[in-house]
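A.B. asks: Here's the feature list from Swiss-Prot:
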BINDING   9-16, 56-60, 119-122  GTP 1 binding site
BINDING   205-212, 252-256, 317-320  GTP 2 binding site
COMPBIAS  454-469  compositional bias 'Basic and acidic residues'
COMPBIAS  478-489  compositional bias 'Basic residues'
DOMAIN    375-461  domain 'KH-like'
Amino acid sequence: MSFTLAIVGRPNVGKSTLFNRLVGKRLALVDDQPGVTRDLREGAGRLGDLRFIVVDSAGLEIAEDDSLQGRMRRLTERAVDEADVCLFVIDARVGVTAADEYFADILRRRARHVILAANKAEGRAGEAGAMEAYALGLGEPLRISAEHGEGMDDLYRALVPLAEAFEAQNVQQAPETDVAVEDGDDETEDWRPSESKPLQIAVIGRPNAGKSTLINKILGEDRLLTGPEAGITRDSISVSTNFMGTPVRIFDTAGMRKKARVTDKVEKLSVADGLRAVRFAEVVVVLLDVGIPFEQQDLRIADFAETEGRAVVVAANKWDLEEDKPEKLKELREAFERLLPQLKGAPLVTVSARTGKGLDRLHNAILKAHEVWNRRIPTARLNQWLSTMTEAHPPPAPGGRRIRLRYITQVKTRPPAFVVMATHTDKLPDSYQRYLVNGLRQDFDMPGTPIRLTFRDQGTKNPYKDKASKINQSGALSKHKHRQKPKGS
């Protein structure tokens, strides 16, 4: 059974705590400051045997339309329009407020189904507020405690008949799925994005670089808050969509400021949330403001993504505002190669999140980075390459002891990782390791993706020695048996 449940209500009534309880993870920021959730965020909800999409919304506030709170209210109203069920949460300890009455009227007019929940109703402190909730005209309120899990069985019973009705409706509208795969399909292609396994992308950057605007342009709707206020995205929001034919799940992260400037408690939580989003991503898009590119924080963000082993694409936003584009592009490429040598060759694309120009370039760069991140190179080709590299530039011989690179193999993908069997690995200089990594990038067309290269000291061992010895012994024994004459002949 699948349906969408939107949690709505005033700020600080416990919506995000309830969201976290329903998804079974700490996905939404929770704090006692009002207005911590500023965007819509989705999660996979679970209650008993019910499975559904749960949406955590910004707090409903009466505000002017052009204010930040006004834009938050419009986003929440959109969630109400799109949801199958709205769970309207009030604070039982505070009681029914004028804002509750105002938004209850909106829900009566706009929502398909409304369930009223009086949160924080545990103990006597919430009794009066729970009784007041009857006056909202939305039916009997459920008395719950999102923090302690009380009342979840009542919520389950309220959802079951609705879920069954949605299930009957979905059966009629469901597309064909679980199509059998024919024999002979290439199993090595299973990493390619699909509806069941969308490509996961994190968009990171400094505050107000245009991350939410870019994602809204990809989505074709104002799903995420945008505006002139730096840092209006606080949570790491993930949304699923089809980006030019590619199924993707995109994380819009909170803007990452320098640590010295991160003083607000909630903003510290948001930055940590953004860093977690990088770990969930396959490709990380580092979004720069072309007017002030490659500031110290941009470099730290890109370096963090590389350290985490993610494929990286650098996108310079607000390109529509740049007058001398050829000269600016030349400057960007030079600065990129000089300041981020660890991401040598990573795609650098220019975009305008406002107009949508350059989205095709960004899409192609993301797909290329993802393909390289999943690259698998045959061992035979690697060893031919290693032989060529060592002949062209032999390893040094510190103290007259020659370093021998005997064998290389790929041990991992996502990102590509290689192991070289060698002698005296402790004497191999970093410069020679960089020579090999750069060679792998260039010769196997792996720009930008992190490459992990480790060296395993074999001493004087030859990886083929034991195998060759066994083969020779087996051959000699076989010949000996054939030469033996039967006794008594």
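Residue 1 is the first one shown; counting continues down the chain.
Glycine too: its Cβ is placed from the backbone N, Cα and C atoms.
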A.B. asks: Can you count helix, strand and coil residues in the domain 'KH-like' (375-461) using DSSP?
C.D. replies: 34 helix, 20 strand, 33 coil
A.B. asks: State the Cα to Cα distance, in Å, between G9 (GTP 1 binding site) and G205 (GTP 2 binding site), rounded to an integer.
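C.D. replies: Between the Cα atoms of G9 (GTP 1 binding site) and G205 (GTP 2 binding site), the distance comes to 31 Å.
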A.B. asks: Here are some binding-site residues: N12, S57, N208. Which one has the most Cβ atoms within 10 Å of its Cβ?
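C.D. replies: Counting every other Cβ within 10 Å of each candidate, the maximum falls on S57.
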A.B. asks: Between the Cα atoms of G205 (GTP 2 binding site) and S57 (GTP 1 binding site), what distance do you get, rounded to the nearest Å?
C.D. replies: 24
A.B. asks: Of all the binding-site residues given, namely N12, K15, S57, A121, which is spatially nearest to W319 (GTP 2 binding site) at the Cα level?
C.D. replies: S57
A.B. asks: Test of understanding: give the count of other CB atoms lying within 10 angstroms of the CB of G9 (GTP 1 binding site).
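C.D. replies: That number is 27.
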A.B. asks: Pop the Cα-Cα gap between N12 (GTP 1 binding site) and K211 (GTP 2 binding site) into the table, whole Å please.
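C.D. replies: Distance between the two Cα atoms comes out at 26 Å.
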A.B. asks: What Cα-Cα separation, expressed in whole Å, is found between S57 (GTP 1 binding site) and N208 (GTP 2 binding site)?
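C.D. replies: Computed Cα spacing between S57 (GTP 1 binding site) and N208 (GTP 2 binding site) is 21 Å.
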A.B. asks: Average pLDDT across the domain 'KH-like' (375-461)?
C.D. replies: 91
